[in-house]
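Undergrad: Here you go, one structure.
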Protein chains: 2
Amino acid sequence: MKINQLNERALIAHISRLLARPGDNVVIGAGEDDCAVLDIGIGDYIVITTDMLHRKTDFPFQMSGRQIGWMSVAVNLSDLAAKGARPIGVVMAMGIPPDTELEFVDEIVKGMDECASKYGTQIIGGDTDAHDELTMAGTALGTVRKELLIRRSGAKVGDIVCVTGYPGSAGAALFALNRGIPPGQEVLKALFEPVPRIYEGIALAESRSVTSMMDISDGLALSLHDMSRAGNVGFKIYESKLPVLPYVKKLLKGDELLEAVVFTGGDFELLFTVAPDRIDRVRRSCPLTAIGEVIDRGVFIDRAGRLEELRARGYEHFKPAL
Amino acid sequence: MKINQLNERALIAHISRLLARPGDNVVIGAGEDDCAVLDIGIGDYIVITTDMLHRKTDFPFQMSGRQIGWMSVAVNLSDLAAKGARPIGVVMAMGIPPDTELEFVDEIVKGMDECASKYGTQIIGGDTDAHDELTMAGTALGTVRKELLIRRSGAKVGDIVCVTGYPGSAGAALFALNRGIPPGQEVLKALFEPVPRIYEGIALAESRSVTSMMDISDGLALSLHDMSRAGNVGFKIYESKLPVLPYVKKLLKGDELLEAVVFTGGDFELLFTVAPDRIDRVRRSCPLTAIGEVIDRGVFIDRAGRLEELRARGYEHFKPAL
């Protein structure tokens, strides 16, 4: 069997099954969550995550070097944010075509540095390699107090489902670019210079009121399915409650709008669940929108009173979206 | 200027200068050493390193999937070893051509797992990505007691220069493969299944007698120059003292032998310095060969009594060896 007959989730699950059983110091191991989490016998957990991006899939030609560098760091910080972790360092392995102009590399490095600095951390190391295709493999390291770690699992039936920001912004920009429409600045920035929700993640962890969390960079639908599987619960969200930028609502309608908001991915927002009696407290610590509730099983969307199953599709590396 | 007009050292130095100044928690930052080292306010330092390998340069077609996986982990563990660190986890971002057979991926993953397990750690996370060229970007995390950290700098004039193992083994295998000669099993294993000197690195750190250390995967000559620059000292090594496998001595003679032993790279051995009055103690904790001494400046090799300058060339990603 060739690997493109599997989707990325199935491939990761398959790979994880081949690995040795996690040792006692591994709180969260391969394939389980946005990050791996290690217990090294101190008050904090060590949180680590890695993401590989490359020219063909992740860096459209309209992206500047600075934006490529920014995104390569942001995608990793977003995973730390989803565990409520505080970043302590980023390393970046860069595969660069040998005929690349040094000035372009400089811009990439400045973008990496800018993103790391903005979220309280820095580039502490890396590797350079001559590669036909520009390839950026970043790893972010963070810490979180043991009692504050938030996992993908932990949601209880009745909890309120929340998101930060405006899902669909990156998807709308991608839609516009694909159709040759000049996208608005706000959505283009969401696509090319995504904001990792580090400070929101820390605030949500410190609220001690969030029962589960992950980031939605692969799309809201896929993330709800991930959290459903991890926590053995279901989700019902309401189309009418989804927070969408006015520009996106103007650009897209109906199913195209839903596609951008729940399936396309690219938004570095946090998806999380909160017990109903804690929601006011959480609102005070982080801007959020309540979009639905945790149910017993299945993942559904209420579209003007009509309940539809929300399929597990979104951003996939190996298998094209169906 | 295009980046292939720079060598990798110059490119890394250039990139490092563009980054923000290391914060107080960064003990060793970008471009300085084999690993980055963080102080998180506990008795141990956190040590982290990343390395990107890919099909065209790093995985000759003779390598099995298992060997590809093994090497992708070993190259990172070797950098931890060079700081005397104990590995606590490895994450691996894998860029895989979509038409790859799943069985081949399985072999790679088993090789990763095997190498991590053998050196007391495990694969705790990663990323998968569809990529035209097989690309493996690993990151290894370790810890070392603060007082035991060994840096590239620290050598004193008069210290004895030592190596583990048999440099030139990987180079001899590469030489044979390039000439269509079937290489001996021992050197082929050195090239395709390198042994990261984790246990030796820990023993050397615990001897509290090593003044500086790095790994020689880019070649002994380049590593001596790296340590010369880092420690503001020079080195004199003796051709006659270089430990070389009998097979390699039979296969290669004269300048070709020297080429494999000091320039080609690919040996995951440790290069380190020890004060003369400590050498016996260090010998008891780790098998080593003394190959020379630390001098005031310059990097030289004594070839049967004739002193030659040892040029700073070796394994380079961007600029072909001259």
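Yeah, the Cβs are placed from backbone N, Cα and C, and that goes for glycine too.
According to TrEMBL, the protein has these features:
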type    : residues                               : note
BINDING : B:ASP34, B:ASP79, B:ASP215             : Mg(2+) 3 binding site
BINDING : B:ASP34, B:THR49, B:ASP79              : Mg(2+) 4 binding site
BINDING : B:THR50, B:ASP51, B:ASP127             : Mg(2+) 1 binding site
BINDING : B:ASP51, B:ASP79                       : Mg(2+) 2 binding site
BINDING : B:ASP58, B:TYR315                      : substrate binding site
BINDING : B:GLY126, B:ASP127, B:ARG152, B:SER217 : ATP binding site
BINDING : B:ASP218                               : Mg(2+) 5 binding site
DOMAIN  : B:33-144                               : domain 'PurM-like N-terminal'
DOMAIN  : B:156-298                              : domain 'PurM-like C-terminal'
Undergrad: Identify, in sequence order, the residues in the chain of B:ASP79 (Mg(2+) 3 binding site) that are 6 or more apart from it along the sequence and have a CB within less than 8 Å of its CB; answer 'none' if there are none.
TA: B:ASP34, B:CYS35, B:THR49, B:ASP51, B:ALA140, B:ASP215
Undergrad: Taking Cβ atoms only, which of the binding-site residues B:THR50, B:ASP127, B:ASP218 fall under 8 Å from chain A?
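TA: Filtering B:THR50, B:ASP127, B:ASP218 for a Cβ under 8 Å from chain A leaves B:THR50, B:ASP127.
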Undergrad: So if I draw a 10 Å sphere around the Cβ of B:THR50 (Mg(2+) 1 binding site), how many other Cβ atoms end up inside it?
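TA: Cβ-Cβ neighbours of B:THR50 (Mg(2+) 1 binding site) within 10 Å number 27.
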Undergrad: To the nearest Å, how far is the Cα of B:THR50 (Mg(2+) 1 binding site) from the Cα of B:ASP58 (substrate binding site)?
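TA: One finds 15 Å between the Cα atoms of these residues.
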Undergrad: Compile a sequence-ordered list of residues in the same chain as B:ASP127 (Mg(2+) 1 binding site), six or more apart from it, whose Cβ lies below 8 A from its Cβ; state 'none' when nothing qualifies.
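TA: For B:ASP127 (Mg(2+) 1 binding site), the qualifying residues are B:VAL91, B:MET92, B:ALA93, B:MET94.
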Undergrad: With every protein chain in view, what's the tally of Cβ atoms within 10 Å of the Cβ of B:GLY126 (ATP binding site), excluding that atom itself?
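TA: Excluding its own Cβ, the number within 10 Å is 29.
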Undergrad: Please report the Cα separation of B:SER217 (ATP binding site) and B:ASP58 (substrate binding site) in Å, rounded to an integer.
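TA: Approximately 12 Å lies between the Cα of B:SER217 (ATP binding site) and that of B:ASP58 (substrate binding site).
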Undergrad: Would you mind listing, in sequence order, the residues at least six apart from B:ARG152 (ATP binding site) in the same chain with a Cβ closer than 8 Å to its Cβ?
TA: B:GLU32, B:ASP33, B:ASP34, B:SER212, B:MET213, B:MET214, B:ASP226, B:MET227, B:ALA230, B:GLY231
Undergrad: If you run through the domain 'PurM-like C-terminal' (B:156-298) with DSSP, how many residues end up as helix, strand and coil?
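TA: Reading the DSSP string over the domain 'PurM-like C-terminal' (B:156-298) gives 69 helix, 27 strand, 47 coil.
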Undergrad: Would you mind pulling the DSSP three-state label for B:ASP58 (substrate binding site)?
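TA: Assignment for B:ASP58 (substrate binding site) reads helix.
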Undergrad: DSSP says what for the domain 'PurM-like N-terminal' (B:33-144): how many helix, strand, coil residues?
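TA: Summed over the domain 'PurM-like N-terminal' (B:33-144), the classes give 38 helix, 45 strand, 29 coil.
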Undergrad: Just counting, how many other CB atoms are there within 10 A of the CB of the residue listed as 'Mg(2+) 5 binding site'?
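TA: There are 23 of them.
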Undergrad: How many other Cβ atoms sit within 10 Å of the Cβ of B:ASP34 (Mg(2+) 3 binding site)?
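TA: Its Cβ shell of radius 10 Å holds 26 other Cβ atoms.
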Undergrad: Drop a 10 Å sphere on every Cβ of the binding-site residues B:THR49, B:SER217 and tell me which sphere holds the fewest other Cβ atoms.
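TA: Counting other Cβ atoms within 10 Å of each of the binding-site residues B:THR49, B:SER217, the minimum falls on B:SER217.
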Undergrad: With every protein chain in view, what's the tally of Cβ atoms within 10 Å of the Cβ of B:ASP51 (Mg(2+) 1 binding site), excluding that atom itself?
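TA: Taking all protein chains shown, B:ASP51 (Mg(2+) 1 binding site) has 26 Cβ neighbours within 10 Å.
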Undergrad: Radius 10 Å, atoms counted are CB only; among the binding-site residues B:ASP58, B:ASP215, which position scores highest?
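TA: By the 10 Å Cβ neighbour count, B:ASP215 comes out on top.
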Undergrad: Taking the Cα atoms as reference points, how far is B:ASP218 (Mg(2+) 5 binding site) from B:ASP58 (substrate binding site) in Å?
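TA: Cα-Cα, rounded: 12 Å.
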